[in-house]
Each structure stands twice: as structure tokens, then as C-alpha cells.
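Following: one structure in C-alpha cells, then a few remarks.
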């Protein structure tokens, strides 16, 4: 957070004074948004019904009454609940021709017959009402979570990131297919179903599809980890994550299975299953009660 703040302050042109922005409301969202805009170099003035009682405001911000604050800026952010919009009718002349930014959201769908922005435009017909910041929470602004306050990169990049898009698609596809095969294995394991198939079909489902399901589910978890699989930042208390520990047994099984299906090993194992012996002469002499010295 400190590095981001320093970058923002350094990029501000000190020779040109930024515009003044007025914020009606000194609640959580108003304070958080005001702090972010102050760090970007803007002058912030808060409008409050009780300027003397307003506290916990960022340093450098001025607190005035609604009418006095409205005269300081042409851009006014309304960070107040809809139930308290009535006082705006008294400021019709002060708000005439100014831009009102509505940041509110209703608690329920279709709670009112008209949107908050439409209601605001009716109260102050001479102002220009716009909607903004209603998808960002005060908590996100304070903690900088979900990249809520990250500045856009000047470098032009493709909106479609091929490095991450295929990972998310593969993660979902392998998870759905693996879950489907896992359910299929469970159904064929039921006695009522397994008695209706022959041995070749049952062996194919339990062996071939079983390993395919294990591969898909393991790959699903590996893709989920991605670059964070062995990242030191994901090692809480120097212990691996739960999905890393869960991968130990399936990965071990798959590695052993891969070794066993190698042609040089699989050929020998197949011959052993068919009754091949390394030294048949020794076996025949042992059956006849003789030993070779």
C-alpha cells in the first residue's frame, strides 16, 4: 500500500493544482473515497450536516456544511443513503448546473419504482446526474482488496489474456469431466449394476476409466494451484496447502503406474502373468527332487 501511495503522489504534477471534489457524506464510503482521491492529488471538501462533529476524516480534507461545500466544487459525490436525499431540494440553486455522482445501491431489487439516480435527478432537475463507484465497497477501498484502487497500466495490453484464460477453462473442464467419470465409477460399483456387465466391461470401467478419472482429478487440482503450487507466499506457517498434501498419494500412484506401463517393464510383467519363468531348468529339477550344484 505504501509503494502504491508513493507512486501516486510522485506522478501528480505539483505545478498544476488538481480540481476540487466535493463529497456529501462523512460515512465509511465517503471517507475511504476521499482518502484515495487525496492520494491522487485532488483537493477534497466534505459536506456534512454537523461539520463540527465529523471525525476520522483524512488529513488535508476540509469539512463544511452542505451549502458551503457545494460552492467549492462543480463535481459533487453523493455518498448518502436515498432516505436522506430530501435536504437536496433546499440546495437547488447551489447545485444548478453541477455534476452529481450517485454511488448508492438499493438493498433489494425493485425496492423503489425508480432508480436512485432517477430520483436524484427529479429532486435536483438543474444538475447533471451520473452513476459511478457503486460497484466498489468501502472495505475494498480501505484494504485495496480485489484491485479496487489499482491504477490502470499505461502499457496497452490485449484484453484477452491467453496466459490465464486457458488455465481457467481447463480447470473447469477437467473438474466437470472428472466428476462425471467419478460418478460413473460409483454407479458401476453397485452390485445391481456390476452383476449385469461381463468381466471385460467391468475391468475396463474400473481400470481404464479409473486411471483416467484419477488423472483428470489430479490435473484439476494441479491447474487450481497454478503458479502458487510451490510459492513461498502460500506456505502458511511453513506448511504446504491442503491441496498440495492431497496430491501426494495420487501423484505417487500415477508415477508408479507410468513406470509400470513402460514397454520394457510392461512386456516382462505380461510374460510373468502368463507363467514365464527365468530359469525353467531349475524349476523342472526342483519338481523331480533334484538340485543342480
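Don't overthink the numbers, they just go from 1 along the chain as shown.
Positions of Cβ are set from backbone N, Cα and C atoms, glycine also.
Which of 242-265, 266-289 counts as transmembrane segment depends on TrEMBL, and there it is 242-265.
TrEMBL tags one of the stretches 143-164, 209-230 as transmembrane segment, and that stretch is 209-230.
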